[in-house]
Amino acid sequence: MSEQNMSIAIDRHHRGMTLDSEQTAIVVKNWNLYYGSKQALHNITMKLPQNRVTAFIGPSGCGKSTLLRCFNRMNDLIDIVSVEGEMLLHGENMYAKEMDVAALRRRVGMVFQKPNPFPKSIYENVCYGLRLQGINDKNVLDETVEWALKGAGLWEEAKDRLDENALGLSGGQQQRLCIARAIAIKPEVLLLDEPTSALDPISTLAIEELIFELKKDFTILIVTHNMQQAARVSDYTAFMYMGDLIEYTDTDSLFTNPQVKRTEDYISGRYG
């Protein structure tokens, strides 16, 4: 990473913060995940701060996306997955037997690597989640669609074409639409799984600037293979390797003064 980019990244972060001084959104305690008999996550313990951006970095196969999918129980969809440990969202056990998983996924929204708009109008894409909740009042839907598209930085480009098929949008616009769809139901946490890896540099910049704004209203967890992106957009960064959480601290410290040699080796490009 160039010194100029690192300086820009540091300037954008909230100075003087530490994990201990932050309000906590999610607590992870002794978290283990298995695919059958193969253990993929090893004893993960961490606190994820509220209204901050936390990035997960590490080489392919390190477990960062697997961990991300634990936060809204997407791994439940894989038959051979089993988990151990505790995961709390604002004090509630996310894996309690009585937890309504559908309700949890409304509280913890997710945007995937490849834009996946529905083959519906832009308007219907954004209000899809509201309709699933039985909300059909046109005034409510109209207000929410405008709010979500503005929040996703897409309103000016889409306001005169809300009835057009969302598949006619560019890749970058489609990804911002997916973000609008995710925030329309006002989740507490937003998960982003490599949200710009399929986008061009201009669209990537738009998404990164959007992430910086969205943390005012949402707790954001982002998986990225791009260390420069992690440095630019996140307040905290977790480095993972082979299913282990190696180092987790504020982003400035991790990139400028890593405390673990394996972290230093990774961010300096010695492996990964």
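Glycine is no exception: its Cβ is also placed from the backbone N, Cα and C atoms.
Swiss-Prot annotations:
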DOMAIN    26-267  domain 'ABC transporter'
BINDING   Gly58, Pro59, Ser60, Gly61, Cys62, Gly63, Lys64, Ser65  ATP binding site
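For Lys64 (ATP binding site), other Cβ atoms within 10 Å of its Cβ number 28.
Taking all protein chains in view, 22 other C-beta atoms sit within 10 angstroms of the C-beta of Gly63 (ATP binding site). According to DSSP, Cys62 (ATP binding site) sits in a coil region rather than a helix or strand.
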